[in-house]
Amino acid sequence: MDVFEALWPTALAESWDSVGLAVGDPDAEVRSILLALDPMDAVIAEAVVLGSDLVFNHHPLMLKPVKSVNASTLKGGAVHTLISNDIALFNAHTNADSARGGVSDVLISLLGIDNAQPLVPHAEGSPTGIGRVGDLPTPTPVRDIARTLSNRLPRTTTGVRIAGDPAATVTRVAVCGGAGDSLFDEVRASGAEVYITADLRHHPATEARDTANRNDGRPQLIDVSHWASETVWLTAAAEQLETEFAERGLSVALQHSAVNTDPWVERY
């Protein structure tokens, strides 16, 4: 657990979040880890087949309180399967969003921005915090940014969508991996000309565009798949874990889940 804490400190998690060891013995030896975005049944079944000692997820199994872990319930069934197969479950959620090299750092790096700063820093001048904001090497049309994301993110049914002016040329970019429609005030304050996030709902998006149109038109919006915006981070997380384990002289096998946990499969 010390390795996880070193990379994604619990203190970086939002107050409402649930992070850390959800299932398992903190003193148990871990020799193999399966990485996945979501603790879905198929991922847990995969861990059983692989003989993994621990499943590492981004999203928590029990974000909202549960009243029972009865094996006949969704959450309870997952817990029972994990325990009966001696598999631990650990997640790094908003602490991984905020940490350096975290979800939003990886997302904004797809656009060639490597000097981004937190959109909502934990403290003034802090290198950690929710979201990222930075400048593109050259001014770029919004539609070209969307195409770059479409090419560099995993392909999804929902694709990449633009709200605003696709032809607008922008330099300053804000991103928030996962659902980020609660951050429009911070995005505007950052001076971002385009905001990239996921799960943009109708009402927040229309209000954001009306607000933009009453001012200088910014930010334009790019909406991507929640799953795609975060799953790319798992590769970086594995690299960080490998480095940390090696520095500590630990031998732990890491494997990426073959299960695609994006729920959307077709569009008509």
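Residue numbers in this text run from 1 along the chain shown.
Cβ atoms here come from the backbone N, Cα and C positions, even for glycine.
Per TrEMBL, these features apply:
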BINDING   His58, His59, Asp97, His226, Glu230  divalent metal cation binding site
When the number of other CB atoms within 10 A of each residue's CB is tallied over all shown chains, which of the binding-site residues Asp97, Glu230 has the maximum? Asp97
Identify which of the binding-site residues His58, His226 has its Cβ surrounded by the largest number of other Cβ atoms within 10 Å, counting every protein chain shown. His58
Neighbourhood of His59 (divalent metal cation binding site) by C-beta distance under 8 A, where only residues 6 or more apart in the same chain count: Leu37, Asp38, Pro39, Asn91, His93
